[in-house]
Amino acid sequence: MYGPKDHGWIEVVAGPMYSGKTEELIRRIRRAEIAKQKVQVFKPEIDNRYSKQDVVSHAGDKIQSVPVKSSKEILEKLLDDTDVIGIDEAQFFDDSLVEIVSKIANNNRRVICAGLDMDFKGEPFGPMPKLMAIAEFVDKIQAVCMVCNNPATRTQRLINGKPAKKSDPVVLIGAQESYEARCRKCHCVPR
């Protein structure tokens, strides 16, 4: 999506783990670069699974990013000539991300946020619900359920091969060994 320079907007790519959110973010950023637009990509500093510096998809696609400690730091590190801003793992930021993203879009810039819309409990995750509400464009993508192969909309956390309990902490960064994509029917959160 490219538009006139006098319009900004917000795009959100949401879904469970292994649905291709980061791949889609990278694809959109690369297309903006092809369109000769200046881009910057940000990610939360706590996301260091595959790289401390780059945004990396589970499939191995990667793009250079600026790791930040807080959403406010995005404004501090945002360059004046940037046209398109990518934000990966948006769910890990606090609610001030919503105001910051709005401010950036109101300054005639395109903002693309990617993140989990629900936590492992199946509940709205961080600022994602509000970002989805204010965005001009929302793509909710699915993965494949690792149990029944139907479309998956949820992320199942596994601890020693068993579903995590509702009382477990929400934030625990991991990869395949601790998470699976699941459909509504196969998703399980014991009390």
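Positions of Cβ are set from backbone N, Cα and C atoms, glycine also.
Note that the structure is predicted; figures quoted are calculated from it, not measured.
As recorded in Swiss-Prot:
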ACT_SITE  Glu89  active site, proton acceptor
BINDING   Gly15, Pro16, Met17, Tyr18, Ser19, Gly20, Lys21, Thr22, Asp88, Glu89, Ala90, Gln91  ATP binding site
BINDING   Cys145, Cys148, Cys183, Cys186  Zn(2+) binding site
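Recorded features from Swiss-Prot, shown on the structure.
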{"residue": "Gly15", "record": "ATP binding site", "Cβ neighbours (10 Å)": "25"}
{"residue": "Ser19", "record": "ATP binding site", "Cβ neighbours (10 Å)": "25"}
{"residue": "Lys21", "record": "ATP binding site", "Cβ neighbours (10 Å)": "28"}
{"residue": "Asp88", "record": "ATP binding site", "Cβ neighbours (10 Å)": "27"}
{"residue": "Glu89", "record": "active site, proton acceptor", "Cβ neighbours (10 Å)": "22"}
{"residue": "Ala90", "record": "ATP binding site", "Cβ neighbours (10 Å)": "30"}
{"residue": "Cys145", "record": "Zn(2+) binding site", "Cβ neighbours (10 Å)": "22"}
{"residue": "Cys148", "record": "Zn(2+) binding site", "Cβ neighbours (10 Å)": "12"}
{"residue": "Cys183", "record": "Zn(2+) binding site", "Cβ neighbours (10 Å)": "21"}
{"residue": "Cys186", "record": "Zn(2+) binding site", "Cβ neighbours (10 Å)": "17"}
Of the recorded positions listed here (Glu89, Cys148, Cys186), which is spatially closest to Met17 (ATP binding site) when Cα positions are compared?
Glu89
Cα distance, Glu89 (active site, proton acceptor) to Gly15 (ATP binding site), nearest Å?
11
The correct three-state DSSP answer for Gly15 (ATP binding site) is strand
Pairwise CA distance, Cys145 (Zn(2+) binding site) versus Lys21 (ATP binding site), rounded so that it is a whole Å
16
For Ala90 (ATP binding site), the one of Cys148, Cys183, Cys186 that lies nearest, given that the binding-site residues are compared by Cα:
Cys183
Could you tell me which three-state DSSP class Cys148 (Zn(2+) binding site) falls into?
coil
Just the number: how many Å between the Cα atoms of the residue listed as 'active site, proton acceptor' and Lys21 (ATP binding site)?
9
Between the binding-site residues Ser19, Lys21, Asp88, which lies closest to Cys148 (Zn(2+) binding site), Cα to Cα?
Ser19
Give the number of CB atoms, excluding that of Met17 (ATP binding site) itself, located within 10 Å of its CB.
22
